[in-house]
């Protein structure tokens, strides 16, 4: 990092943290008590603060990583600063943990952008700082910086694990992956993703050697035609059934293999991936979740995905491959018809934006969910097109992880899309400075509207005196 870039990054991070502190104060003044899921998280953390580590709220579905780390931070800080009484492990103090995670996420996002795009000399330091700032302000994640939720910490340890993986520190990466798993069990998918990065790199090297041997310039590890994909899958199978290659890959990924194995032991002993209340978190094959994720990504990445050039390229591709797109459309219609699920929380809780998305869009008419398929197809094509700079093996590995982390979820919840979105966004090429500024301005606008609604547009339910607020 050059000196000017270092000063620029320090200034951006300090300014963002100061703004977050001011917003944190506003949220804490307006919502002093626990809200939404904080009703479960805060008392559980306070029980740990008082040394009652055997006490557990059965409504909590995640492991106690957030509460253990909170005690590990708050208790020493209280001892050093001489704090006593109710201020220790108060709602505000616990929420402040996520403000620290948010600052850490900003730094990790910058380091990841620097590492992933280090070969692209055309990217300036200012662009890296701007992109890191934009992702740190990503609305769905940034909102939960100010509440005591698991998301900021879950993202922190997952991004840290990914960074260590890219630098080849796989034992450290696996340990950080374990920390992320303790915040949210589904983060085990991103441990698999880190192992997949190692495997994809070795596969890409072997594939290039295979191409040189055959001197076949028509095949590329970055092309996407059906015939190329068939030959690549054939190569993939042949490579992975070789005992020598399996030994090599095992030697490289053994820390991740151990962690994934421990995960399966946990699932066997626990009787499932969810702890606590399982009745509302049953796994199912909810394939339309992939379409919702693509729509979510299209909305928040429109400067990348929705451009005149991309629309023209899509129409050209549509005209060139009508049979393939017709098949994709038919499969999409079938998946929506047979595998659409509506969780009871989605229909019952009018505090979440998903409630209004579902009511205003999907419940307008029975056919709406099918009429959206052309948009899903375009969003999927544009999504894949922005990843064409990555190797085909990386893309296959990412899509496997994307399916694993979204499809089993019955509830449509935007928070579940945060990590797959960030991993995607980190790996796509940089845009022009104008489009980067447009993206940042859009995120700031969405955040401004979100916090305005949360702080000022309160309402009450008929059977309750509690103040209700709109949120993600």
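Keep in mind that glycine also has a Cβ here, set from the backbone N, Cα and C atoms.
Please treat TrEMBL annotations as automatic predictions, because they have not gone through curation.
Looking at the stretches 93-114, 159-180, the one that TrEMBL records under the feature transmembrane segment is 93-114. Given the ranges 254-275, 408-429, the record in TrEMBL names 254-275 as transmembrane segment. Ranges compared are 230-248, 287-305, and TrEMBL records transmembrane segment for 287-305. As a quick check, the transmembrane segment (440-459) and the transmembrane segment (367-384) miss the bar of 3 or more Cβ pairs under 8 A, pairs 6 or more apart, so the two do not touch. Remark: the transmembrane segment (60-81) contacts the transmembrane segment (93-114), by the rule of 3 or more CB pairs under 8 A. A contact between the transmembrane segment (6-27) and the transmembrane segment (254-275) is absent, since fewer than 3 of their C-beta pairs, 6 or more residues apart, lie under 8 Å. Highest Cβ pair count under 8 Å relative to the transmembrane segment (93-114), across stretches 126-149, 254-275, 287-305, 325-346, 367-384: 126-149. Taking every listed stretch (126-149, 325-346, 367-384) in turn, the largest tally of C-beta pairs under 8 A with the transmembrane segment (287-305) is reached by 367-384.
Remote same-chain partners of the transmembrane segment (126-149), defined as residues 6 or more beyond its termini with a Cβ less than 8 Å from a stretch Cβ, comprise 5, 8-9, 12, 16, 20, 23-24, 27-28, 34-38, 41-42, 45, 66, 91, 94-95, 97-99, 101-102, 105-106, 109-110, 113-114, 117, 155, 300, 414-415, 417-418, 421-422, 425-426, 430, 433, 436-437, 439-440, 443-444, 446-447, 450-451, 454, 471-472.
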